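What TrEMBL says about this one:
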{"type": "TRANSMEM", "residues": "31-52", "note": "transmembrane segment"}
{"type": "DOMAIN", "residues": "48-297", "note": "domain 'Rhodopsin'"}
{"type": "TRANSMEM", "residues": "64-87", "note": "transmembrane segment"}
{"type": "TRANSMEM", "residues": "107-130", "note": "transmembrane segment"}
{"type": "TRANSMEM", "residues": "142-163", "note": "transmembrane segment"}
{"type": "TRANSMEM", "residues": "195-220", "note": "transmembrane segment"}
{"type": "TRANSMEM", "residues": "229-248", "note": "transmembrane segment"}
{"type": "TRANSMEM", "residues": "268-294", "note": "transmembrane segment"}
Amino acid sequence: MSAFQDYFTEMLKNPPDPNEPKPLSNRHATMYGATLPFHILAWVAVLFRLWTRYRVVRDPGWDDHIIVLCSVFNLVSMVGFIGSIYTGLGEHILYVGEGRLVTMMKWLYLNSAAYYMCAGLVKLSLLAQYLRLFKTGALRKICLVLLVVTSIWTLFWAVQGWLPCFPVDGFWNRQQTPAPRCWGTGFANKTSVLVFLYAFAASNMVLDTMIFAIPMVVYLRPGISQKEVVALGSLFTLGSVVVLMSILRLWTTVKHKYNDPFSMDFTWWYPLPLTIACIEIDFAIICASIPIFWPVIISSLPQIFVTQEVRVTHHQRIDDFEMDRPNSLKSNNSQVGLTRVAQKTNYRDQFVVDHVTGKQNTEVLVETEPDHKWYR
């Protein structure tokens, strides 16, 4: 724990005000309110996606399996984030206390390792989804290249997240003997931590931009329908939010310089990058799931809402008709005939009968008057 002791000694020369008001991003209500709703929405989107693939189209793929695994790690990351809030995240590290700091480091270990897995898996799910769409051509080759690059990127950061120190418990227990060997974001020293944070945020932003830009090529296709324009526009909007979150996360990390003695006061400035990271993953999962179930939702809306007018009419039976048996009363069958009542019909009138049968003896004479001239 010598490195940590050096940083503590340096910060004690000019300690922060213990009564300093917390920034908005460090308040518990802000961290809960900004992350939990989007996390729930992400799960709703995944469940709708699975329902569509397994129950509606009955054609699940690798992209669905990967997004489920990503959602599980996202839940683990959220649990680690909430646990770190209860143990001192958002406070100055000098006032957290050694016992709470060890517990908080355990939660942060769980949060960061699961987050690195989520960041890679959601990209792999999107690329696997693209491969289902692009069977041939240049776009498929681009997707395959990005799939290989993203797989290597995910593997590297997964190893870095789950094995930041040797042994692993050295991440939160720096007093053990021999001293643990840490690297990357394992807080070996201030420089390595910030360099790896910069590297992850920058590479994550570049990959997000490239992956979410692939569907936009469809805009260049001739004859694209208005519905496709709206769908792609919505997808582009959500993808832009994900990229924007990556940029914000990079910016909030770069603000802390190497020569700033309070850059190691990560319990104070780290809540904002963590909150942005949680929202980024949630939006990425939503963006990867909406194109799967949204067409089914749209096609089902007419069955959910009343969109057709039904007119109900009735017809009264004419008095000249009634139900009567066409055969003997001793018949056992169920035939029912519609017969006319003889005494009520007008066809008994001789004048009507003669006109219907064509046997009338009446002659009709039509006389025409001569034209009268206007001058007579």
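Quick reminder: no glycine exception, Cβ is built from N, Cα and C everywhere.
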Notebook entry, point to check: In terms of Cβ proximity under 8 Å, which residues at least six beyond the ends of the transmembrane segment (268-294) contact it?
Noted result: 16, 23, 25-26, 30-31, 34-35, 38-39, 41-42, 45-46, 48-49, 51-53, 63, 67, 70-71, 74, 77-78, 81, 84, 89-93, 111, 115, 118-119, 122-123, 125-126, 129, 208, 212, 231, 234-235, 238-239, 241-242, 245-246, 248-249, 252-253, 255-256, 262
Item checked: Selected stretch (most C-beta pairs under 8 A with the transmembrane segment (195-220)) from 31-52, 64-87, 107-130 -> 107-130
Check: Which sequence positions outside the transmembrane segment (107-130), separated from its termini by at least 6 residues, show Cβ-Cβ distances below 8 Å to it?
Finding: 61-64, 66-67, 69-70, 73-74, 76-77, 79-81, 83-84, 87, 89, 139, 143, 146-147, 150-151, 153-155, 157-158, 160-162, 164, 168, 171-172, 185, 200, 204, 207-208, 211-212, 214-215, 274, 277-278, 281, 284-285, 287-288, 291-292
